[in-house]
Each structure stands twice: as structure tokens, then as C-alpha cells.
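Novice: Among the features that Swiss-Prot reports, signal peptide is placed at 1-24. Annotation comment: Swiss-Prot describes 90-510 as domain 'Peptidase A1'. If you look up Swiss-Prot, you'll see 108, 294 marked as active site, on the strength of sequence analysis. Per Swiss-Prot, disulfide bond is recorded for 120-126, 285-289, 324-418, 349-390, 355-387, 432-469. According to Swiss-Prot, the N-linked glycosylation site annotation covers 143, 404. Annotation source Swiss-Prot lists domain 'Saposin B-type' at 319-424.
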């Protein structure tokens, strides 16, 4: 949008905040780092203002996605590309150097590098963010190797350095980090953070840098190789939450945690079962899905077919896809007949010549073409879009046939879903007055059902008559064998206290207190 930069510059006047971060090491051997929560309002809801070029960056990253990763193997450009940190709500404070220089950072379980702005960076953003000054630190050590990280809203580039990093009362010696000489984008100037501290695995660290958390464990600074997140979703309370390094705080959760093993070392990734809408299975994850617990992602991201079904159930307004309706009108009856004749669902779209493969690609790999305004500019893009819509139609029809719906009802339902197709990485609006009638959305993890109520997955922006309600669900498509993939961000982690067990390579979830 033409006025985007001017909007960003204008918004920065409203978004300067001070952080009173509390951190402590108690006599139970746990390190607690308090988090500050930023309340969503129309001025700081930046996710909806991300320029279309950022969506193109995401699409490019998805095309490069490494589908062959196994435990211990991953790609630097994977889930990190999803991130739009500008609408993140939770931040904490660290310090770098001797004497300590303070920085506000996002603690991000979905990436693994530590970066802050370099003193050598000169831009408008520098006036609103702390910068690391190596010349003022007696513990600084030069490295100089160049580094670059691609995010959803741009790239951070700079060079590696070494210095002591203070997290709470603990000091990590000679920690490698990136001094950023290029910030993510112009919109970074209105962000509430100065940098990012990754809590993922070294396998996805740019430059194979040793993460801060690894050094905490290696240097014997924590009681156990475990850390946990408690995010306070109570909008009336200022306290944002707490990260506990070295264990868990029983006051942060109720009952027992359900643990699942890490299946893809790199991210905190695990296997997940089906997704339910008001108790009814969607069927999409019957064959299994993967999920990543990601504190650096504000929303809850998942495959477009399921997100569209959720949007329909909650009345969210997305992007109307005429291409979707065209496929339903021309091929809907044929697809249904093939399903009723027990044809292989994975091969139906190739049988009717909408896909050029026989089920090996997987649903939604080319979904960016479905809603891309430029999809019609080339026959290849158009064909990919038709193929993706066909794949989604098969999934939706399978779900409806399981419920013994009539043919007419199924076709009408699929057309309604076409009207609810979300924008790539975009958010969808809902009627704030309809929250009480919206369904529960549930996730199956470790054989247990984890429910999200409407007030937990709908984000309210603003107050009174000007209040807006935004769906906490957004579309994100990764093909097999790595996908289908869900990103369980702050919407999920706010409802469920999350334990990241580095020693036993597992993730645990329990009801947050």
C-alpha cells in the first residue's frame, strides 16, 4: 500500500512504552524472567498492515522448504519465515556486556539465534531502540563472521560477536550473538522489542551458533535442562507472564502435563492428532499432523482447509475465491461421485486432470496460487491454484460425507467455505457480538483433547463501540512429509502452560493457572 511507510512513521509516536521487567532467582533453584504484555489496540495491530511483498517473501520461503528433514536435520529457512514479530505481545529483558547494556527481546522457541541492533547501524529505527555498543564492554570479543536471517517481515543481517549475556540473575559467559546492521524492515521502528532470543535447537541456528539456552545448561547455570512458559491472557492484568529456566513453577498450571516427544529436532515439533470444531472431527489430521510450540508466533496457524472450516464455523470474513467456486461448480459433483465410489481420495484430482501428479504432492502445497491476485497471469499458476482447490474440496467433502450430509447440502457447504478462504498469512474479522454462539475448537495431543473457547481464540482490539474482533487462526501450508503442520503460538500457549524439556526431548502442556 502506498502510504504504508508514512503510516508506520506516524504510528511510532503512539507506541513508545517503558518496560518494568521483573526477574529473580528463588531458593528453589529456578530462574524466573517476567514478561511484559502489550495490549492490542488499533494502533499496534500491525499484522494486518504487513505489505503484500511480505506475503511474497513467505511464499518464496515455503517453496524452498526442506521436506526431507528427519530428527536432527532441518533447514534454516523453515518456520522462521512464518514470523511477523511486529504483532507479538510478550517481551522480556536481558543485558549484554560489562557493564550490562539492557535490551527488550522476544523469547522465541521457534528460532535459535540471539540478535540485537549494532551501534554501527544508522537508521530511523535507531532512535527508538537500544543498540549494542561493543566499545563500552570489557567482556566483548570479536568474531566478525557475517550472518543473515530471513523473517516474514524482512531480514536481519549483520555479524557475529561474543560477550556475556545476563538473563535474570544468571550470566552466560562468552555467548555468540548477532550484531544487526540491517533491521527486519522499516516497520521495525514501531515494534516493542530491540532484538530476539531464540530458544530453539542449534540445528536451525544460523551459522550453527550455540544458542543461549545451550550455554545455560553447559555452564551449569540451571537446575534442570528444562524451561517453561506461562503467558497471562487476562486482559485486565498488567503482568504478562513468566519464563522459568531450570524447571516449572507449580503455581502456573493445574493438573498434570501431557507430554509428547520431539519428532523434529530443530523446532519444538511433535505429532498431533485431529482438530475438532464443536466436538466434531474435521478429519484432516486423521493420518497425523505435526505441530510446533512457538512462543514467537502470536496466532495459531494451520492448513488452509481446516482454517477455512473454522472460519466458516465462527463466521469469519476472509477472501472470496471465485476460482474455488468455479472448481466446485464444474467438478464438485464428479468429485463427490468418485468419493462415493470409494476411489482413492489422493488420486481424484489427478483423475479429473486438475493435478499433474497422483497424490504424492499433498494437500495445499500450491495454495498460494489459489488466492494470489496474479494467479491468472500464467497457466502454470492457474493450474496449481485449481489443483489446490480440488485437494481442499476432496478434504471438505470427505468430512461432510462422514456426517451423512445430503449431496445438495454438501455442495452448498463447500461454496460457503469458498467465501471463507483466508488471505495468505492474513487475519479474519468476526462479529464481537457473536462470541457466545461460536464453537469450541479442540486439538488432540498425546491422546488428550485440548479445548480453546471463543474468548481464548478471538483477539479483541480496542474498546467500546470501536472494538474489533480478530480470529486467532491464520492459514499456513506445508506439504508432506514435513506437513501438514500446525504452529501453536501464543493463542494456544496462553491457554496451556507449556514445558520445554531439553533433557528428555519432549514438550508438555497443562491447563494454565
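Glycine is no exception: its Cβ is also placed from the backbone N, Cα and C atoms.
Quantities reported herein were computed from a predicted structural model and do not represent experimental measurements.
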Novice: Please report the distance from the Cα of residue 432 (disulfide bond) to the Cα of residue 120 (disulfide bond), rounded to the nearest angstrom.
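Specialist: On Cα coordinates alone, these residues lie 46 Å apart.
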Novice: Round to a whole number and give the Cα-to-Cα distance in Å for the pair residue 324 (disulfide bond) and residue 387 (disulfide bond).
Specialist: 10
Novice: At a 10 Å cut-off from the C-beta of residue 349 (disulfide bond), count the other C-beta atoms across all protein chains.
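Specialist: Looking across every protein chain shown, the total is 29.
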Novice: In whole Å, note down how far the CA of residue 404 (N-linked glycosylation site) lies from the CA of residue 387 (disulfide bond).
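Specialist: Rounded to the nearest whole number, the Cα-Cα distance is 26 Å.
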Novice: Taking Cα-Cα distance, which of the recorded positions 143, 285, 355, 469 are within 10 Å of residue 349 (disulfide bond)?
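Specialist: The recorded positions close to residue 349 (disulfide bond) (Cα within 10 Å), listed in sequence order, are 355.
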Novice: Taking every protein chain in this structure into account, which of the disulfide-bonded residues 120, 418 has the most other Cβ atoms within 10 Å of its Cβ?
Specialist: 418
Novice: Please report the distance from the Cα of residue 294 (active site) to the Cα of residue 285 (disulfide bond), rounded to the nearest angstrom.
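Specialist: Roughly 20 Å, rounded to the nearest whole number.
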Novice: Please average pLDDT over the domain 'Peptidase A1' (90-510) for the predicted structure.
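Specialist: Overall, the domain 'Peptidase A1' (90-510) comes to a mean pLDDT of 86.
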Novice: I'm trying to understand the geometry here, so how far is the Cα atom of residue 390 (disulfide bond) from the Cα atom of residue 120 (disulfide bond), in Å to the nearest whole number?
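Specialist: On Cα coordinates alone, these residues lie 51 Å apart.
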Novice: If H, G and I count as helix, E and B as strand, and all else as coil, what does DSSP give for residue 324 (disulfide bond)?
Specialist: helix
Novice: Fewest neighbouring Cβ atoms within 10 Å: which of the disulfide-bonded residues 289, 432?
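Specialist: Among the disulfide-bonded residues 289, 432, the lowest count of other Cβ atoms within 10 Å belongs to 432.
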Novice: Let me know the DSSP-derived helix, strand or coil state of residue 349 (disulfide bond), please.
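Specialist: Note: residue 349 (disulfide bond) is helical by DSSP.
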Novice: Tell me the Cα distance separating residue 108 (active site) from residue 120 (disulfide bond), rounded to the nearest angstrom.
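Specialist: Cα of residue 120 (disulfide bond) to Cα of residue 108 (active site) measures 25 Å after rounding.
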Novice: With every protein chain in view, what's the tally of Cβ atoms within 10 Å of the Cβ of residue 108 (active site), excluding that atom itself?
Specialist: 23
